[in-house]
Amino acid sequence: MASKVRDAVVWYQKKIGAYDQQIWEKSVEQREIKGLRNKPKKTGHVKADLIDVDLVRGSAFAKAKPESPWTSLTRKGLVRVVLFPFFFRWWIQVTSRAIFLLLLLLYLLQVAAAALFFTIPQPHSIPTTEVFGAIWLMLLLGTVHCQIVSTRTPKPTSSSSSGKRRRWGEGLEMEGGMEGEREGGREREGEGGRDLRTQDSESTRHESETEDLLWEDFLHCAECRSSCTSETEGEGAAVCPATKKEYRDDPFHQGHTWLHSTNPGLERVSAIVWEGNDCKKADMSVLEISGMIMNRVSNSQGIGYQVFGNLVSVTLGLTPFAYRLSQYKDLEQLTQLSANELISVAFGSSSDVMVITMVTLSFMVRVCLIWLFFFLLSVAERTYKQRLLFAKLFGHLTSARRARKSEVPHFRLKKVQNIKMWLSLRSYLKRRGPQRSVDVIVSSAFLLTLSVVFICCAQLLHIHHTFLECHYNWELVIWCSSLSLFLLRFVTLGSETSKKYSNTSILLTEQINLYLKMEKKPNKKEDLTLVNNVLKLATKLLKELDAPFRLYGLTMNPLLYNITQVVILSAVSGVISDLLGFNLKLWKIKS
C-alpha cells in the first residue's frame with residue numbers, strides 16, 4: 001500500500017512538472033537520460049592510497065542497524081513478553097535455552113502471584129505495586145532486548161504458506177543461481193555478483209514457522225513484511241535491499257584496501273615493540289596494532305558497579321518488608337517481638353498461607369528482574385570503560401615512555417603515511433565494540449530515570465509531608481538514586497573518552513619533534529615541512545569533525561530534549577520553590 005502511494009506521488013510530480021517545462025528543459029532531460037548510457041566506459045578502481053572524510057569520521061566502518069523503526073520494535077517486544085510462552089523458539093534463538101527457562105520460570109511465578117492477588121478472599125495489606133510492579137520492568141527488559149537483537153533477527157519471507165517458507169530456506173542457492181542466469185551480465189555489473197549468499201550463519205537463521213503463521217500480521221506492518229519479499233509466487237527468493245545496503249556500506253567491500261592491502265609494505269608502519277627489556281622494530285598494520293590494544297583492554301577487569309547493582313537489587317527486593325516493619329503500630333515494640341512475629345509483620349500476615357506465598361513469589365520475581373536490569377547497566381558501564389581504555393592506549397602510541405608502560409607499539413608521526421595510519425586507527429578503535437546495543441541500554445536507563453524523577457517531583461508538590469508514607473515512594477527514591485549514579489558514570493566516562501580522542505596535544509607534540517628533526521637534519525627539511533603541513537591540516541580536520549559527548553536518548557533529538565528539559569526542570573523548580581518558600585523557575589535556563 002505504501003509503495004503504491006509513493007508511486008502515485010512520483011507520477012503526479014512528474015505530471016505537473018511537465019507543464020512547467022520549456023523546450024530547452026525537455027532537450028536537456030533527454031540528453032541526461034541518454035548521455036551516460038551512450039558514453040564509452042572502461043574498467044576503473046578506487047584509489048587505495050587516498051582517504052575519505054568518512055574514514056576519518058568513522059562512519060565508513062558500518063555497524064549493523066535494525067531494519068524496522070523503533071516503534072515497530074517496541075511493539076514486538078511488548079507482544080513477545082506478554083505472550084512469552086508462544087514465542088519460545090524466538091527467545092531460545094536470541095538468548096539460550098537456560099536463560100529462556102529462567103525467564104519462563106519468572107513469567108510463570110509472576111502469573112501465579114497475580115492470580116493469588118485476585119483470589120485471596122479476605123483483605124490484606126499487600127499493595128498492588130508490590131505484586132504488579134515487576135510486570136512493567138519485565139516489559140521494559142523485553143523491549144530493550146528486542147531492540148538489541150533486532151539486527152540479527154530474520155524476517156519472514158512470505159505470508160502465503162509454510163511450505164513456501166521452507167522452500168525459500170532450503171533452496172536459496174538454487175533459486176539465486178537460476179535468477180542470476182536470467183539476469184545475466186547485468187546483475188554482475190550492477191550488484192557485484194551473488195527482557196550476498198555467503199552471509200553470517202546467525203543472520204540467516206529462521207524464526208519458527210508456527211510463530212510466523214500465528215503472529216506475522218500482528219507483529220509486522222505491511223511495509224516491513226513486503227520489504228524483503230517478492231511480489232509473486234513465481235519469482236525466486238528476493239535479496240533484501242537492506243542486506244545490499246549493508247554490503248555496500250561495508251568498508252571491506254568498498255575499496256578501502258588499506259585494511260587488507262595487496263601490498264602490505266605500503267600500508268604498514270614501522271613501530272617499536274618491547275619484549276621484556278629488548279626494544280625491537282616491526283612493520284605493523286592497523287589490524288595488528290588495534291589487536292594488541294584490544295588484548296590489553298580485554299585483560300582489565302572491574303566488577304565494582306556489578307556488585308553495586310547486586311546490592312541495589314537485594315535492597316529493592318527487601319524494601320516492602322522494611323516498609324511494613326516501619327509502619328508497625330509501635331516501633332518501640334519491634335525490638336521485643338520474636339523472630340516469628342517479625343516475619344509475620346514483614347510478610348503482612350501470620351497465618352494466611354496464600355498471602356505469604358504471594359509475597360514470596362513477588363520477592364523472587366522482583367529481585368531477579370531488577371538484577372537483570374542492573375546487569376545490563378553493568379555491561380554498558382564496562383563497555384564505556386573499555387572505550388575510555390581504547391582512547392587512553394591510543395594516546396600512548398606516540399609516547400615512548402607510555403607505550404612501553406602500557407605494552408603497546410610505539411611510532412612517531414614523522415611520515416605522511418604514518419599520519420594516515422594514525423587517523424585510520426583512531427576511527428577504527430572508536431567504532432569497535434558494542435555501539436547501538438549499549439546505546440539502547442543507556443537510553444532506556446535515561447528514560448526510566450526521567451520518568452522516576454517526574455513522578456517523585458509531582459508527588460512532592462502535593463504530598464511532600466506524607467511522601468514516605470507510601471510504599472512505592474521508597475522504591476522510587478532508591479531507583480532514582482541508583483540510576484542517577486549509573487548515568488553520572490556514563491556521562492563521566494563518555495566525556496573523558498571524547499576528550500582523549502579530541503586531544504590535539506599529540507599532533508602539536510609531533511610538530512615540535514619535526515622542527516627538532518629539521519634542526520638536526522637540514523637536508524630533509526623539505527620532506528619534514530610537508531609532514532608538518534599535513535599535521536596542521538589533520539589538527540584542523542579533527543577539530544571540525546569531532547563533536548562533544550552527549551548522552552544517548554532524548555538529548556539526540558533537540559525537540560524532545562527541549563520538551564523534557566521544560567517538563568523536568570519545571571517540576572524540580574516547583575518542588576524547590578515549595579520546600580524553600582520562594583519562587584524559582586529553572587526551566588528558563590537556556591542550554
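Placement of Cβ uses the backbone N, Cα and C atoms for every residue, glycine included.
For 4-153, the entry in TrEMBL reads domain 'PHTF1/2 N-terminal'.
Residues annotated as transmembrane segment in TrEMBL: 99-120 (among others).
Nonlocal intrachain contacts for the transmembrane segment (132-150), taken as residues 6+ away from its ends with a CB within less than 8 angstroms of a stretch CB, comprise 66-68, 70, 73-74, 76-78, 80-82, 84, 94-95, 106-107, 110, 114, 117, 195, 362, 365-366, 369-370, 372-373, 376, 437, 440-441, 444, 448, 472, 475. Annotation source TrEMBL lists transmembrane segment at 132-150 (among others).
Summarising the annotation, TrEMBL assigns region 'Disordered' to 151-211.
The compositional bias 'Low complexity' annotation in TrEMBL covers 151-162.
Marked as compositional bias 'Basic and acidic residues' by TrEMBL: 179-208.
Residues or ranges marked as transmembrane segment by TrEMBL: 302-323 (among others).
Residues or ranges marked as transmembrane segment in TrEMBL: 353-377 (among others).
The annotation transmembrane segment is assigned in TrEMBL to 440-464 (among others).
Residues or ranges marked as transmembrane segment by TrEMBL: 476-493 (among others).
TrEMBL lists 559-582 (among others) with the feature transmembrane segment.
For the transmembrane segment (476-493), the neighbouring stretch richest in Cβ pairs under 8 Å, chosen from 99-120, 302-323, 353-377, is 302-323. Per-residue confidence over the domain 'PHTF1/2 N-terminal' (4-153) averages out at a pLDDT of 84.
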